[in-house]
(Lines of atoms letter the chains of each structure in order from A and count residues from 1; the text may use other names and numbers.)
(Lines give C-alpha, C1' and ligand atoms only; values in the text may rest on other atoms or scores of the structure.)
Protein backbone atom coordinates (compact mmCIF):
# COMPACT_ATOMS: atom_id res chain seq x y z
CA UNK A 1 0.00 0.00 0.00
CA UNK A 2 1.42 3.44 -0.95
CA UNK A 3 -0.41 5.41 1.76
CA UNK A 4 -0.32 4.91 5.51
CA UNK A 5 -2.77 2.06 6.19
CA UNK A 6 -3.87 3.74 9.43
CA UNK A 7 -3.64 7.44 10.27
CA UNK A 8 -5.04 9.28 13.29
CA UNK A 9 -4.64 13.06 13.51
CA UNK A 10 -5.68 14.95 16.66
CA UNK A 11 -8.67 12.69 17.25
CA UNK A 12 -11.04 13.42 20.12
CA UNK A 13 -14.05 11.59 21.48
CA UNK A 14 -16.36 12.57 24.33
CA UNK A 15 -18.99 10.60 26.18
CA UNK A 16 -21.19 13.10 28.00
CA UNK A 17 -18.69 15.44 29.68
CA UNK A 18 -15.80 12.96 29.73
CA UNK A 19 -13.05 13.25 27.13
CA UNK A 20 -12.09 9.60 26.55
CA UNK A 21 -9.78 10.18 23.56
CA UNK A 22 -7.83 13.42 23.81
CA UNK A 23 -5.99 14.68 20.73
CA UNK A 24 -4.65 11.24 19.78
CA UNK A 25 -2.30 11.11 16.79
CA UNK A 26 -0.41 8.14 15.36
CA UNK A 27 0.11 6.42 12.05
CA UNK A 28 0.89 2.84 11.08
CA UNK A 29 3.33 2.15 8.28
CA UNK A 30 2.72 -0.52 5.61
CA UNK A 31 3.86 -3.96 6.69
CA UNK A 32 4.51 -3.15 10.34
CA UNK A 33 2.99 -4.38 13.56
CA UNK A 34 1.95 -1.38 15.66
CA UNK A 35 0.97 -1.87 19.28
CA UNK A 36 -1.63 0.22 21.10
CA UNK A 37 -1.03 -0.20 24.83
CA UNK A 38 -2.65 1.21 27.93
CA UNK A 39 -4.51 0.26 31.10
CA UNK A 40 -8.22 -0.45 31.13
CA UNK A 41 -10.10 2.79 30.56
CA UNK A 42 -7.25 4.38 28.61
CA UNK A 43 -9.34 4.68 25.44
CA UNK A 44 -8.05 1.72 23.41
CA UNK A 45 -11.47 0.21 22.69
CA UNK A 46 -12.93 3.58 21.72
CA UNK A 47 -9.95 4.16 19.43
CA UNK A 48 -10.55 0.85 17.65
CA UNK A 49 -14.27 1.57 17.32
CA UNK A 50 -13.51 4.93 15.73
CA UNK A 51 -10.97 3.36 13.38
CA UNK A 52 -13.58 0.89 12.12
CA UNK A 53 -16.29 3.55 11.83
CA UNK A 54 -18.44 2.03 14.58
CA UNK A 55 -18.10 5.17 16.72
CA UNK A 56 -17.71 8.65 15.23
CA UNK A 57 -15.00 11.04 16.47
CA UNK A 58 -15.92 14.50 17.72
CA UNK A 59 -12.78 16.10 16.29
CA UNK A 60 -9.73 15.21 14.22
CA UNK A 61 -9.31 12.99 11.18
CA UNK A 62 -8.97 9.23 10.65
CA UNK A 63 -8.05 7.30 7.54
CA UNK A 64 -8.06 3.53 7.07
CA UNK A 65 -6.57 1.97 3.94
CA UNK A 66 -6.53 5.42 2.36
CA UNK A 67 -10.25 5.99 2.98
CA UNK A 68 -11.62 8.72 5.26
CA UNK A 69 -13.42 7.34 8.31
CA UNK A 70 -16.27 7.34 9.15
CA UNK A 71 -17.58 8.64 5.80
CA UNK A 72 -16.13 5.71 3.82
CA UNK A 73 -15.60 3.24 6.64
CA UNK A 74 -17.67 0.58 4.91
CA UNK A 75 -15.39 0.67 1.86
CA UNK A 76 -12.28 0.63 4.03
CA UNK A 77 -13.47 -2.39 6.00
CA UNK A 78 -13.51 -4.45 2.81
CA UNK A 79 -9.71 -4.42 3.08
CA UNK A 80 -9.53 -5.06 6.82
CA UNK A 81 -9.65 -8.20 8.95
CA UNK A 82 -10.71 -7.95 12.59
CA UNK A 83 -10.01 -10.31 15.48
CA UNK A 84 -12.19 -9.13 18.38
CA UNK A 85 -11.22 -9.49 22.01
CA UNK A 86 -13.90 -12.12 22.59
CA UNK A 87 -14.62 -14.91 20.13
CA UNK A 88 -17.87 -14.43 18.23
CA UNK A 89 -17.80 -17.65 16.24
CA UNK A 90 -21.12 -19.28 15.42
CA UNK A 91 -21.45 -22.27 17.79
CA UNK A 92 -24.03 -23.95 15.55
CA UNK A 93 -21.60 -24.23 12.65
CA UNK A 94 -18.56 -26.38 12.08
CA UNK A 95 -15.10 -24.89 11.66
CA UNK A 96 -15.45 -25.14 7.88
CA UNK A 97 -18.93 -23.58 7.90
CA UNK A 98 -17.76 -20.62 10.00
CA UNK A 99 -15.23 -19.79 7.30
CA UNK A 100 -17.65 -20.36 4.42
CA UNK A 101 -20.42 -18.19 5.86
CA UNK A 102 -18.05 -15.35 6.74
CA UNK A 103 -16.58 -15.41 3.24
CA UNK A 104 -20.04 -14.84 1.76
CA UNK A 105 -20.34 -11.60 3.79
CA UNK A 106 -17.59 -10.21 1.57
CA UNK A 107 -19.42 -11.16 -1.62
CA UNK A 108 -17.33 -14.19 -2.50
CA UNK A 109 -19.04 -16.81 -4.63
CA UNK A 110 -19.67 -20.22 -3.13
CA UNK A 111 -16.95 -21.67 -5.36
CA UNK A 112 -14.40 -19.02 -4.33
CA UNK A 113 -15.29 -19.46 -0.66
CA UNK A 114 -14.83 -23.23 -0.84
CA UNK A 115 -11.42 -22.74 -2.48
CA UNK A 116 -10.31 -20.52 0.41
CA UNK A 117 -11.08 -22.99 3.16
CA UNK A 118 -8.21 -25.52 2.81
CA UNK A 119 -5.38 -22.94 2.92
CA UNK A 120 -7.04 -21.12 5.83
CA UNK A 121 -7.43 -24.37 7.76
CA UNK A 122 -3.78 -25.15 7.07
CA UNK A 123 -2.75 -21.66 8.23
CA UNK A 124 -4.69 -22.11 11.47
CA UNK A 125 -3.45 -25.69 11.91
CA UNK A 126 -7.06 -26.88 12.07
CA UNK A 127 -7.17 -29.31 9.13
CA UNK A 128 -8.20 -32.18 11.40
CA UNK A 129 -10.98 -30.07 12.96
CA UNK A 130 -12.68 -28.93 9.75
CA UNK A 131 -15.93 -30.73 10.54
CA UNK A 132 -15.88 -30.18 14.32
CA UNK A 133 -18.34 -27.83 15.99
CA UNK A 134 -16.90 -24.73 17.63
CA UNK A 135 -17.77 -26.07 21.08
CA UNK A 136 -15.35 -28.94 20.55
CA UNK A 137 -12.36 -26.61 20.10
CA UNK A 138 -9.86 -25.52 22.73
CA UNK A 139 -9.40 -21.83 23.47
CA UNK A 140 -6.29 -21.68 21.32
CA UNK A 141 -8.06 -23.36 18.42
CA UNK A 142 -10.93 -20.87 18.64
CA UNK A 143 -8.51 -17.93 18.53
CA UNK A 144 -6.72 -19.38 15.50
CA UNK A 145 -10.06 -19.96 13.78
CA UNK A 146 -11.05 -16.35 14.50
CA UNK A 147 -7.74 -15.22 12.98
CA UNK A 148 -8.26 -17.43 9.92
CA UNK A 149 -11.78 -16.05 9.54
CA UNK A 150 -10.33 -12.52 9.53
CA UNK A 151 -8.25 -13.49 6.49
CA UNK A 152 -11.07 -14.62 4.19
CA UNK A 153 -11.03 -11.29 2.32
CA UNK A 154 -7.20 -11.26 2.01
CA UNK A 155 -7.04 -7.99 3.98
CA UNK A 156 -4.29 -5.39 3.77
CA UNK A 157 -4.75 -4.54 7.46
CA UNK A 158 -5.48 -6.71 10.49
CA UNK A 159 -6.90 -5.21 13.69
CA UNK A 160 -6.29 -7.53 16.64
CA UNK A 161 -7.87 -6.73 20.01
CA UNK A 162 -6.00 -8.70 22.69
CA UNK A 163 -5.61 -11.76 20.44
CA UNK A 164 -4.02 -14.07 23.04
CA UNK A 165 -5.95 -13.19 26.21
CA UNK A 166 -6.95 -16.35 28.06
CA UNK A 167 -4.57 -18.64 26.18
CA UNK A 168 -2.02 -20.91 27.82
CA UNK A 169 1.67 -20.26 27.01
CA UNK A 170 1.87 -22.95 24.31
CA UNK A 171 -1.22 -21.65 22.51
CA UNK A 172 0.04 -18.08 22.85
CA UNK A 173 3.37 -18.93 21.24
CA UNK A 174 1.61 -20.68 18.35
CA UNK A 175 -0.55 -17.58 17.83
CA UNK A 176 2.57 -15.41 17.80
CA UNK A 177 4.13 -17.67 15.17
CA UNK A 178 1.02 -17.30 12.99
CA UNK A 179 1.09 -13.51 13.35
CA UNK A 180 4.78 -13.35 12.43
CA UNK A 181 4.01 -15.35 9.29
CA UNK A 182 1.40 -12.74 8.33
CA UNK A 183 3.93 -9.94 8.82
CA UNK A 184 6.33 -11.86 6.59
CA UNK A 185 3.61 -11.79 3.91
CA UNK A 186 3.44 -7.99 4.13
CA UNK A 187 0.29 -7.63 6.20
CA UNK A 188 -0.10 -4.56 8.41
CA UNK A 189 -1.18 -5.25 11.99
CA UNK A 190 -2.65 -2.99 14.67
CA UNK A 191 -2.48 -4.86 17.97
CA UNK A 192 -3.81 -4.15 21.44
CA UNK A 193 -2.48 -6.34 24.22
CA UNK A 194 -2.01 -6.59 27.96
CA UNK A 195 1.02 -8.85 27.52
CA UNK A 196 4.25 -6.87 27.44
CA UNK A 197 6.21 -9.86 26.16
CA UNK A 198 3.78 -10.07 23.25
CA UNK A 199 4.26 -6.42 22.38
CA UNK A 200 8.03 -6.69 22.66
CA UNK A 201 8.15 -9.79 20.44
CA UNK A 202 5.73 -8.66 17.72
CA UNK A 203 5.60 -4.87 17.51
CA UNK A 204 7.92 -2.79 15.36
CA UNK A 205 6.58 0.33 17.10
CA UNK A 206 4.02 0.99 19.79
CA UNK A 207 2.05 3.79 21.38
CA UNK A 208 1.22 3.97 25.09
CA UNK A 209 -1.96 5.87 25.94
CA UNK A 210 -3.39 6.95 29.27
CA UNK A 211 -6.72 8.71 29.78
CA UNK A 212 -7.02 9.02 26.01
CA UNK A 213 -3.68 10.80 25.56
CA UNK A 214 -0.50 9.49 23.98
CA UNK A 215 2.26 9.43 26.58
CA UNK A 216 4.96 7.56 24.64
CA UNK A 217 5.62 6.21 21.16
CA UNK A 218 8.49 4.35 19.54
CA UNK A 219 10.17 1.01 18.99
CA UNK A 220 10.10 -1.27 22.06
CA UNK A 221 13.88 -1.29 22.53
CA UNK A 222 14.06 2.47 22.05
CA UNK A 223 11.41 3.04 24.74
CA UNK A 224 13.20 0.68 27.12
CA UNK A 225 16.48 2.53 26.64
CA UNK A 226 14.87 5.97 26.88
CA UNK A 227 12.64 5.34 29.89
CA UNK A 228 14.67 2.80 31.90
CA UNK A 229 18.19 2.49 30.51
CA UNK A 230 19.51 0.23 33.26
CA UNK A 231 19.01 -3.16 34.90
CA UNK A 232 16.22 -4.03 37.31
CA UNK A 233 16.25 -5.90 40.60
CA UNK A 234 12.81 -7.18 41.65
CA UNK A 235 12.58 -7.85 45.38
CA UNK A 236 9.65 -9.76 46.88
CA UNK A 237 9.15 -9.37 50.62
CA UNK A 238 6.73 -8.49 53.41
CA UNK A 239 7.67 -4.79 53.81
CA UNK A 240 8.59 -3.16 50.49
CA UNK A 241 8.41 0.36 51.94
CA UNK A 242 11.08 -0.40 54.54
CA UNK A 243 13.20 -2.09 51.88
CA UNK A 244 12.86 0.93 49.61
CA UNK A 245 14.05 3.28 52.35
CA UNK A 246 17.06 1.06 52.95
CA UNK A 247 18.02 0.43 49.32
CA UNK A 248 17.07 3.70 47.61
CA UNK A 249 20.56 5.24 48.10
CA UNK A 250 22.01 2.45 45.94
CA UNK A 251 19.47 2.67 43.08
CA UNK A 252 18.86 5.16 40.31
CA UNK A 253 15.15 4.92 41.03
CA UNK A 254 12.71 2.70 42.91
CA UNK A 255 9.06 1.74 42.39
CA UNK A 256 6.66 -0.30 44.52
CA UNK A 257 3.92 -2.45 43.00
CA UNK A 258 1.98 -4.58 45.44
CA UNK A 259 4.49 -6.52 47.51
CA UNK A 260 7.29 -6.04 44.99
CA UNK A 261 10.04 -3.43 45.13
CA UNK A 262 11.69 -2.55 41.81
CA UNK A 263 15.20 -1.12 42.01
CA UNK A 264 16.59 0.36 38.80
CA UNK A 265 20.37 0.13 38.97
CA UNK A 266 23.48 0.84 36.94
CA UNK A 267 25.58 -1.08 39.47
CA UNK A 268 23.71 -3.98 41.12
CA UNK A 269 26.48 -5.10 43.48
CA UNK A 270 25.68 -2.88 46.50
CA UNK A 271 22.07 -4.12 46.54
CA UNK A 272 23.12 -7.73 45.97
CA UNK A 273 25.44 -7.47 48.98
CA UNK A 274 22.66 -6.16 51.21
CA UNK A 275 20.15 -8.80 50.11
CA UNK A 276 22.44 -11.80 50.35
CA UNK A 277 21.33 -14.23 53.04
CA UNK A 278 18.22 -12.26 54.02
CA UNK A 279 15.49 -14.58 55.29
CA UNK A 280 12.01 -14.15 53.79
CA UNK A 281 13.21 -12.27 50.71
CA UNK A 282 13.32 -13.36 47.08
CA UNK A 283 14.88 -11.28 44.35
CA UNK A 284 15.55 -11.35 40.63
CA UNK A 285 18.16 -9.36 38.70
CA UNK A 286 17.19 -8.93 35.03
CA UNK A 287 17.40 -6.59 32.04
CA UNK A 288 14.75 -3.89 31.78
CA UNK A 289 11.67 -4.69 29.67
CA UNK A 290 8.46 -3.12 28.42
CA UNK A 291 6.62 -3.86 31.65
CA UNK A 292 9.11 -1.60 33.42
CA UNK A 293 8.40 1.09 30.85
CA UNK A 294 4.68 0.81 31.51
CA UNK A 295 5.17 1.02 35.27
CA UNK A 296 7.43 4.03 34.80
CA UNK A 297 4.96 5.85 32.54
CA UNK A 298 1.67 5.10 34.27
CA UNK A 299 2.64 4.29 37.85
CA UNK A 300 0.63 1.11 37.93
CA UNK A 301 0.52 -2.38 36.50
CA UNK A 302 -1.34 -3.41 33.41
CA UNK A 303 -4.66 -4.92 34.35
CA UNK A 304 -6.51 -7.70 32.54
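Heads up, the Cβ atoms here are built off N, Cα and C, so glycines get one too.
Taken from Swiss-Prot, the feature domain 'ABC transporter' covers 6-236, and the record attributes it to sequence analysis.
Residue density at residue 43 (ATP binding site): 23 other Cβ atoms are found within 10 A of its Cβ, drawing on all protein chains shown. What Swiss-Prot lists as ATP binding site is 38, 39, 40, 41, 42, 43, 44, 45.
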Which one, from the binding-site residues 38, 39, 41, has the smallest tally of other C-beta atoms lying within 10 Å of its C-beta? 41
Within 8 Å of the Cβ centre of 38, 39, 40, 41, 42, 43, 44, 45, which other residues of the chain have their Cβ, at the recorded ATP site? 209, 210
